[in-house]
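S.K.: Handing you a structure now.
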Amino acid sequence: MVIGAAARVAIGGCRKLISSHTSLLLVSSQCRQMSMDAQSVSEKLRSSGLLRTQGLIGGKWLDSYDNKTIKVNNPATGEIIADVACMGTKETNDAIASSYEAFTSWSRLTAGERSKVLRRWYDLLIAHKEELGQLITLEQGKPLKEAIGEVAYGASFIEYYAEEAKRVYGDIIPPNLSDRRLLVLKQPVGVVGAITPWNFPLAMITRKVGPALASGCTVVVKPSELTPLTALAAAELALQAGVPPGALNVVMGNAPEIGDALLTSPQVRKITFTGSTAVGKKLMAAAAPTVKKVSLELGGNAPSIVFDDADLDVAVKGTLAAKFRNSGQTCVCANRVLVQDGIYDKFAEAFSEAVQKLEVGDGFRDGTTQGPLINDAAVQKVETFVQDAVSKGAKIIIGGKRHSLGMTFYEPTVIRDVSDNMIMSKEEIFGPVAPLIRFKTEEDAIRIANDTIAGLAAYIFTNSVQRSWRVFEALEYGLVGVNEGLISTEVAPFGGVKQSGLGREGSKYGMDEYLEIKYVCLGDMNRH
């Protein structure tokens, strides 16, 4: 009931993927060679013990209670990588009970003891970054270099919160009366339900689990059904690092049942979710009856604003990075490229030339910079957006159609003369399409950029410090990059405003999301 509709779309999309893959397996010999490479990677991961297919409950690897499974596919080839346990209500309730029981002992460890466990987990993640990167490429599709980069990025949150665990400070308040002493304590909120997406199968987990465990909370993770294998591998390394049974549980499979169990259980005191705004709203409503704390990192509609005075090379490089990372499948991707009149044509030409050089292919192939989209439903969405724009007067400079590789590959695309009556200027594309929108003045740029319900990330390219200051103050976004397209880091807060979410992840502020504040008043303190 709670996340059922979205989950069924995701699961249905997976089934569509299998059937479409079957019909598309008459691809080139190049794709068949890719298939062989993926198979060898899968075999290596299995022999290393990192290719787990069971859920983790109470420190034990378990099949689903009814022995049902779901298939995990390689989006580049359509091949089945593994059959993983398809868990539901009963398994999730047991995972919650396990986390609830483990909370007492885990939260009573000293911060230093929890820190050491997290540090060992970080060390293991880094030691296995090649295998984890291969696993990400296998089930999510992004290029191997980018996937290994995600492992380093994801691990950085575990390292950071291993250190931050020892810096959860309370406060002493000057008393209002002479016989009182006033204290403020910070204590872990309790059991956390973490629901994570497919586009960053490792980093979206560590960004939530790191601060949760560091603060003394215990966690039940529900990874995406499309990419559960990375989550399970990370959990295996967490066990090896000494995370005790029950402190970290992983259940996957029947998304509606798992979501409902997490949201309705009074033992779960917090929900943290990364995903679409539509699903986030449903989670908020479902969390209300038990008044859970909720953190939401939701959809974006990021503008990349290129002013006339921008350095053209810097603007092209930064916008390229902001738009085409993970084939455009990130919530902070530049969804709209706003370009001022005086530089519009020059930017369009230079940017298109840069996009033309992107290499599309299987993530395991050397030189690939753009992998497949996650499934056929994602490709169909991109096609719909492009067709809508063209029908309303936009012009395709390059790309604009499925790639000759077939499957779920889509050509990196640049479209000019995009206007605000087109779907792609209003909704998240989540694909490798860059719409170029013309503007005249600074005021126009700010108005266009803010004309959206979203407010996650924005980017500015200008050589004027004064202009950058005026614009980033006026932009209604949680993150702003100035002359830079890749801005997320473990040491800075990540999160949106408006309908892009609640709360922050990363940095010292991310720790506060997993802590309760307790005020203590000591009276009769003048008695001898």
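First residue shown is number 1, and so on along the chain.
Using N, Cα and C of the backbone, Cβ positions are placed for all residues, glycine too.
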S.K.: R180, R181, R207: which one does Swiss-Prot list with R325, S488 for the substrate site?
M.R.: R207
S.K.: Want to know which recorded positions, from T277, C331, S488, are within 10 Å of N199 (site 'Transition state stabilizer') at Cα; which are they?
M.R.: C331
S.K.: Say you check the Cα of G280 (NAD(+) binding site) against those of the recorded positions E297, R325, C331, C333; which is nearest?
M.R.: E297
S.K.: Consider the recorded positions R207, E297, R325, S488 and say which one has the Cα lying nearest the Cα of I429 (NAD(+) binding site).
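M.R.: For I429 (NAD(+) binding site), the spatially nearest of the recorded positions is R325.
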S.K.: What does the structure give for the C-alpha distance between T196 (NAD(+) binding site) and C333 (disulfide bond)? Integer Å is fine.
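M.R.: About 18 Å separates the two Cα atoms.
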S.K.: If you measure every Cα to Cα pair among R207, R325, S488, the residues listed for substrate, what is the largest value in Å?
M.R.: 19
S.K.: Within a 10 Å radius of its Cβ, which of these recorded positions (T196, N199, T277, S488) has the fewest neighbouring Cβ atoms?
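M.R.: Lowest Cβ count within 10 Å among the recorded positions (T196, N199, T277, S488) is S488.
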